[in-house]
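Take a look at the structure set out below.
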Amino acid sequence: MIPGVDQQVWCVAALLGTTLLAIAANRSNKSTTVVYGATLVISLIAFARALSFLVAHAEATEMVLPIGLPWLGSHFRLDALAAFFLAVVNLGGAAASLYGLGYGSHESAPHRVLPFFPAFLAGMNLVVLADDAFTFLLCWEFMSLASWALVMAHHREADNARAGYVYLVMASFGTLALLLAFGLLSGAGVGYGFAAIRSAPHAPSEAALVLALMLLGAGSKAGLVPLHVWLPLAHPAAPSHVSALMSGVMTKVAIYGFIRVVFDLLGPPGWSAGIVVLVLGGATAVMGILYALMENDIKRLLAYSTIENVGVIFASLGLALAFQANGLGLAAALAFTAALFHVLNHSFFKSLLFFGAGAVLTSTGERDMEKLGGLIHRMPLTSFAFLVGCVAISALPPFNGFVSEWLVFQAVLRSPDLPQWGLKIMVPAVGALLALAAALAAACFVKAFGVTFLGRARSPVAAAAGEVDRCSLAAMYGLAALCFLAGILPGLVIDGLAPVAQAIIGHRMPVQANDPWLSIVPIAESRSSYNGLLVFVFITAAASLAVYFIHRFASRAIRRGPAWGCGFADPTPAAQYSGASFAQPIRRVFGTLIFQAREHVDMPSPGDPRPARLTVDMHDLVWERLYTPLTKAVWFFADRLNQLQFLTIRRYLSLVFATLVTLLLVLAIWS
Amino acid sequence: MTAASDAVAWVLLIPICAAAVLAALPGYRLTAALNVVASLGTFLAALSLFIIARPQPGQYLLVDDLNIVFIVLNTFVGFTTSVFSASYIAHEIETGRLTPGYLRFYHAMYQVMMFGMNLAFVSNNIGLMWVAVEIATLTTVLMVGIYRTHAALEAAWKYFILGSVGIALALFGTILVYMAARPVVGEGQDAMVWTVLIGRAATFDPALLNVAFIFLLFGYGTKVGLAPLHAWLPDAHAEGPTPISAVLSGLLLNVALYAVLRFKILLAANPEAISPGPLMVTMGLTSLLFAAFMLYRRRDIKRLFAYSSIEHMGIIVFAFGMGGPLANFAGLLHMVMHSLTKSGIFYAVGHIAQVKGTQQIANIRGLTETHPALGWGLAVGVVAIAGLPPLGIFMSEFLIVSSTFARQPLLAVLLVFGLLLAFGALMLRLTNVAFGEPRGSTAPADASYMPMFAHFALVLTAGIYLPGPLVVWFQHVANVLG
Amino acid sequence: MVVISDMLVQLGQMTLVLLLAPLLTGVVRKIKARLLRRKGPSVFQPYRDLLRLLRKEVVLAENASWLFRVTPYVTFAAIWVAAALVPTFATGLQFSWSADLIAIVALLGSARFFLALAGMDVGTSFGGIGSSREVMIAALAEPAMMLMVFCVALIAGSTQLSTVATFMASSQVGLRVSLGMAMIALIMVALAENARIPVDNPATHLELTMVHEAMILEYSGRHLAMIEFGAFLKLLLYISLIICVFFPWQITIVGAAPLSYVVSVGAYLFKLALAGFLLALFETATAKMRVFRVPEFLGAALMLGLLGTLLRFVSESF
Amino acid sequence: MPNLAFDIAHLLAGGLVLISFMMLYQDRLYALLNIFALHALVLALSVAWQAYVQNAPHLYVTAVIALVFKAIIIPVALHRIIKQLGIHRDIETAVGIGPTMLAGMGLVALSMVLMLRVTGAADPLAREDLAFALSVVLLGLLVMVTRRNAVSQVVGFMSLENGLVLAATGAKGMPLVVEISVAFSILIAFIVIGVFLFRIRERFDTVDIGALDEFRGERR
């Protein structure tokens, strides 16, 4: 069976059918198992087909359904780019479904989750498959809508309602920006089909405008700073497996949209576009991770970290744009592959981490890290999986996060080849930002894992936590294994991505499968190479060697004793380092500028029985400088115009009269 | 008489006869049922116009591609509203807000109004059309004030006065059109017959036509609810019985819009006259932006959706003002979708207000929990009216925005800004009403959900799939609109 | 044959760093003591310390988890692997292509990541202080290091240390401003990463001023030995790195005559001793700075790295 | 003879505009009503003249309606309402008389400019007639807008409507003119009854803002 678009569309149809089923079986207690079981199977099938498409280097297939825009129909197309993102989407979907099989049984209002979950999956699949502007936008917004419904699943909490609202408005803003972009692309009789848009010529000014609109549209969905504000609100508000999908997968769909339009439909829009994307990406990465570091809600921390990773992806896409604009095909392919690799990686470890956070949430009912701690004893399996996720996302070898980060750096190091001075200088500078982001990410996840899982329990719920169910664990360990495999066998992934790069950039990275020892060599062996497998083997060997020798020839005795408390015996768990105090040094370094953080110390004089207090005053400048004034302006005008609701009839008549006379005057003068 | 002219006659005769009968009959169950039956009959008669050959346009009546869309939509929503009205009114009788005497009046007026609207659509004479529009307006004035509360009377009074000025201005415009036509067509009846006028419009005096169009735009525009002529609309929607709000938003605005369109075509047919586009675009945009801001401060749920109607009328007028096959198609589609969606929303809102005993948004919360059908119904409706897919309005907004951006980027940006503003306001309210900790009565609703869900099902279907013949039809009409 | 000799070189290198590392620390300590007019312990004292620690039993805090027990071995292994990949006396090591300079930086990052986690495992405030300060320092040191890597890699056209060393040893480099800046940046990073004065004081015993030592406060016995050993290795690694990148004179290109190996080992040992002397001299001459002055110190390193990278383009255009 | 027909029609129409100005100038209610009656009378004459000139006997009906209904019944009814409701005899103006008059001038000028562009193909009678009618309509609106008193607003609306009838009768051979004038008379009757029923003393909108709050739930 040749993998084709029709099979993918059938899978989507099956997902939509599952939605109907979930609506019909609203209150049945079996519905959780049935729905997640169905989505698991469907996602796996769709994933397998997409993967076989990539592996087989199959030709793109298209189909037209007589729905959608009447004279156009709904076009669907499966090409290499779509297949890759379908694989990401469906693998994430399958993992989330598997997790949902266990996690879903704890859901208090399953009828608010079950119908929308398959719909959300279907929406993401459809966006990737769509091959005309109308279908694309329809599916895009449908995806937003379904995920919004999922965010509103726990609607009784006021925060969630606000999160849902902000999310939906930002999503709509993004869609409208995309709508304008497509309006521009399809203008002058080009039409809405992607094939037509692709073949039409696009003027440079138009290309710049489309790029700006895409940055607004896809960027707001993906979480580019300063359009990211909805993301840390909405992602954590949803049930955890949905958070995983939103963070791990939906942001990738947004990136897909950006790639599809900017790289595929528009053609390379000049090197200055590359700078814009690059700088935005770098800034997003650093800002995102700094926000994450300041956060003590574990799911929000993960959401902010998503922003960082999106920044990394955009930065390398910007590199690809810059290289491509200068005809450096191989370098562009390297940067592009790095971006896609990071897309894949992030979908793995971010889903994994959200699953872990969800497990903590089910087991303790707590998202606030300051109330957790010591879970490594109570939830050993979850904590190990979470640790793998943390190591992977911190870009540490031999896991997958490092490989994509490494590829991005290799691409950065190709910057001398670029002819433009602006790029020559900006690229290493952004490289420095990315390195900073990576280092901060490591700090952030030391905090996330350390405060949540290590130390002693900070609250009774944390002390009484227990391990989660097998389905959830299976989902986590599956993803952890993928993180590991992609880390030690990156060559396979790069070769798998080759058809995508070939299709979009026109070049591909060298074949990696032929390199000895499964190394990856992006350009030439003398330049750089990396071998995750060997590094892993070396570390394991070295560690085992050390363990063996020490335990064999030296001591293996162990004695348990109380921890050293500077002379204080058994201090309370509250005396531990908290999340906020962990972040304090970094807050001092970066926070004064970026968050306008101020510390106020209230130190009572000796003899005063008051407790000493330290309060930290932090500001989210993006909210305060951008969104709050906007909101205020809207309400100001709304207030002003609202006076018009309370006029007397005479005044209304005067309004009519004045307008009439004005128009007559215009007519008298004009014609 | 052919079958076709029979059908046209039925469309007019059924309502007017039903009105006479209903005015005489007592007992609300019977009259409500009769009202439904009459509306259904009218709808079927209108539907038959699709199938059978059309009558030749006469001195007074005309059926063409343009108005048949309006007639069928009008009678359909009229029918579903009568079904909704039956269950709504039953509740009003129970709570004693309406007495059986007023009810008789209500049903009779309902049919007179349907007659007026249908007549406005099928009339081939601009004078007759004017008369018909005024009949429809005046009957709704009476219905708005039917509760006899202070606020209802005030709203009706405002509607009446502003409407009267509108009537006068529209008449002046009509006279001017006649004056423009007379030297070319000759004196008498013919100079008011639409089919004659449009054929020879190119030779009319442009200066007269210009002034005429401004007066007609103002006269009928008052009833479309374009800002700044909108003042009657929010109060009339909020204070009248909800079925009337549904009909006002879903139908009466369309009637007035239809009249504006007719004259727009006339003006466009004259090469020397001003092009009506910029004027309509300006008024449309003004209405959209104005209504979008006004949405934020609304506390009354019916007034909220009334402003949303102004907003959508703005979009539709904008689309027709932009012109061109794509924008016109989108405008038509938007109009149909708005009628269906908005009346569907009012069905939901009517029952919600009855169940909760209030129209105050602040006192309604958590509907999806207490009344899932109503709550989710409202959510679907608001999502649809806010222009989210996969519902029909998304398609029309997509076409309007994308086609505008290619031609007038700045206008499209303004349009998008207005859309986003309105979206924000609607969603803010929806979040409060449909979600959150439930507030107010949790008593089960005694509602008829069929009309609401029928409308939403249609809107959903249209958002995904438009039947081929309908599209061809719309495209043809879009070309007629120029 | 070549493979076997390469293997031998690689193995020799691995054992060499393992054996030399404590000695280097011992030498530095000795020189420091001498500079302070103390007699100081023998240069072999670190070996004795390690052996003593290895033989002792481990006292684990009650709350310590498996992570706490695994970490010493993981960090040690990671640092050892990293150290084994830095060419000391010969380039073209058998496995040098399995990880380039960036990977070496990341390997050190892995070691620090686990150590910081272990610091938080027991649940005392000291571990937390240490970890949080350590990651703050690392968050600044790592980008500075990466910029140094960029600067060098952009000049040498490679991130592969063997290639870099070969390139630097060749005559085509000349004196470059950017290289000098990169070197200073690297030295500053090395001071920070190895918890040396002025960033941290390896000999302190006052908990509140400690960084690295606070983090590993709960470790004892063989675990502590592993961590100490790791720290020795890390110092050696950084010095080797500086030598290899900036002073690769007399380094043996792979496949050279056996005699050249002897010469280069000798040269390497000399350079190492010299570096150790300079380090001791510097540490004696400066005082430890407050923890919150460290960001400025490392920020300067970051700026130097960036400046070096940018100047690289300028010097290229001449 | 045609010249004479034109001159008389012109005179009567111009008279209407002049009387509209007098209405704008008036600040006494009773005087305003009397002037309105004069307005209606002149209209009736004008319509009758058109009926004679156009040889359209049905227009006489319109003339009679104008005479009986507007020149007699309505003013009398309004007189009574004023007495019964005890309305102030002074008219509260929103804008001073002076500016109002100036605005009126401007409106007339505007109507002239707009209408005199019309090509001569339309016969001059109709053209002038339309210009005057437009002036009357706009002046009527101006009266409505500048007066705060309910009765004077009704009067404004009626003078506006007189302008419409003037235009309609001036349009030679226009059908439905009689029906329209009847319909409008009914409309006006409704308004007058409304004024009476709702006891609207001073303005159309007696409802004070407090009531709005109470009934609408909307707040400023």
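Quick reminder: no glycine exception, Cβ is built from N, Cα and C everywhere.
The transmembrane segment annotation in TrEMBL covers B:32-53 (among others).
The transmembrane segment annotation in TrEMBL covers B:68-90 (among others). Cβ atoms under 8 Å from those of the transmembrane segment (B:68-90) belong to residues 11, 28-29, 32-33, 35-36, 38-40, 42-43, 45-47, 49-50, 98, 103, 106, 110, 114, 117-118, 121-122, 241-243, 246-247, 250-251, 254-255, 258, 332, 336, 339-340, 343, 347, 350-351, 354, 446-448, 450-452, 454-455, 473-474, 477 of the same chain, restricted to positions at least 6 beyond its ends.
Annotation source TrEMBL lists transmembrane segment at B:102-121 (among others). Here the transmembrane segment (B:102-121) has Cβ contacts under 8 Å with residues 11-12, 15-16, 18-20, 22-26, 28, 31-32, 34-35, 38-39, 42, 46, 67, 70-71, 74-75, 78, 82, 85, 89, 93, 128-129, 131-137, 139-140, 142-143, 146, 241, 243, 247, 251-252, 255, 258-259 of the same chain, all six or more residues outside its ends.
Under the heading domain 'NADH:quinone oxidoreductase/Mrp antiporter transmembrane', TrEMBL lists B:123-419.
Taken from TrEMBL, the feature transmembrane segment applies to B:127-147 (among others).
As annotated by TrEMBL, transmembrane segment applies to B:159-181 (among others).
According to TrEMBL, the transmembrane segment annotation covers B:201-221 (among others).
The annotation transmembrane segment is assigned in TrEMBL to B:242-261 (among others).
Note on the transmembrane segment (B:273-295): residues 204, 206, 209-210, 213-214, 217, 221, 225-228, 230, 234, 260, 263-264, 267, 304, 307-308, 310-311, 313-323, 411, 414-415, 417-419, 421-422, 425-426, 429 of its chain, located 6 or more positions outside it, place their CB under 8 angstroms from a CB of the stretch. If you look up TrEMBL, you'll see B:273-295 (among others) marked as transmembrane segment.
Positions annotated as transmembrane segment by TrEMBL: B:315-337 (among others).
Distant neighbours of the transmembrane segment (B:373-398): 305, 308, 312, 315, 319, 330-331, 333-334, 336-338, 340-342, 344-345, 348-349, 351-352, 355, 366-367, 419, 422-423, 426-427, 429-430, 433-434, 445, 447, 449, 452-453, 456, 458-460, 462-464, 466; these residues of the same chain sit at least 6 beyond its ends, with a Cβ under 8 Å from one of its Cβ atoms. The feature transmembrane segment is assigned by TrEMBL to B:373-398 (among others).
Annotated transmembrane segment per TrEMBL: B:410-432 (among others), in sequence order.
For the transmembrane segment (B:452-474), the residues of the chain that approach it from at least six positions outside its boundaries are 65, 69, 80, 84, 329, 332-333, 336-337, 340-341, 343-344, 347-348, 377, 380-381, 384, 389-395, judged by C-beta separation under 8 angstroms. The annotation transmembrane segment is assigned in TrEMBL to B:452-474 (among others).
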Query - Among the ranges B:32-53, B:127-147, B:159-181, B:201-221, B:410-432, the one whose Cβ pairs under 8 Å to the transmembrane segment (B:315-337) are most numerous - result: B:410-432
